[in-house]
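According to Swiss-Prot:
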TOPO_DOM  1-11  topological domain 'Cytoplasmic'
TRANSMEM  12-32  transmembrane segment
TOPO_DOM  33-197  topological domain 'Periplasmic'
DOMAIN    43-181  domain 'Thioredoxin'
DISULFID  C83-C86  disulfide bond
Amino acid sequence: MSDSPRRFPTPLLLTGVMGVLILIALLTFTLMRSWDNAPDQSALLGKPAPNFSLPLLHDPSLQISNTDLAGAPYLLHVWGSWCAACATEQPVLTHFALSKRVRVIGYNWKDRREDALQWLEQLGNPYLAVVSDPEGKTAMDWGVTAAPTTFLIDGRGIVRWHHKGALNQQIIEHKLLPILADIEHSPTAAPALHQAP
């Protein structure tokens, strides 16, 4: 039996394989960019925010509801002490809250109270108030499936903006602030209520 000589891939075959790999890389890059730039969709956009009445994290004997927040816009920010992305965005959220453009309400989701309080003590508390939903039942009405998730609700109680994922300065400047400005300049908008110092 004679051994046939070993055949090496032809330059044409190598070029074809490289072309396919480049095409796959370009498609992946394009899909990732379109995913990053896709608008945040929520079935709640343009609709009344779901009713809620939840205990305050710092004093569970007190409750806060969406009717308590009516009359002025507020940002409802869903977070958990177990959420790495929440810790990453905390400095950005704190900086935004200091601007006092809108009330920032924390929504502690699927968390133990002790862990959440310790997390706020370590990383800072940018919130006017923090509600607690340890079982995550009320969050289901909002369509929350992950933290962090952020909603902007106008003074009439309508959900105007939704973002799933960590906030950064670019998202705040290019997505959140234009909608907030629209709310502030709307003839039917309630006057903005700023956070307490």
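Please read every residue number as a count from 1 along the shown chain.
Placement of Cβ uses the backbone N, Cα and C atoms for every residue, glycine included.
In the predicted model, the domain 'Thioredoxin' (43-181) has a mean pLDDT of 96. Break the domain 'Thioredoxin' (43-181) down by DSSP state and the numbers are 49 helix, 38 strand, 52 coil.
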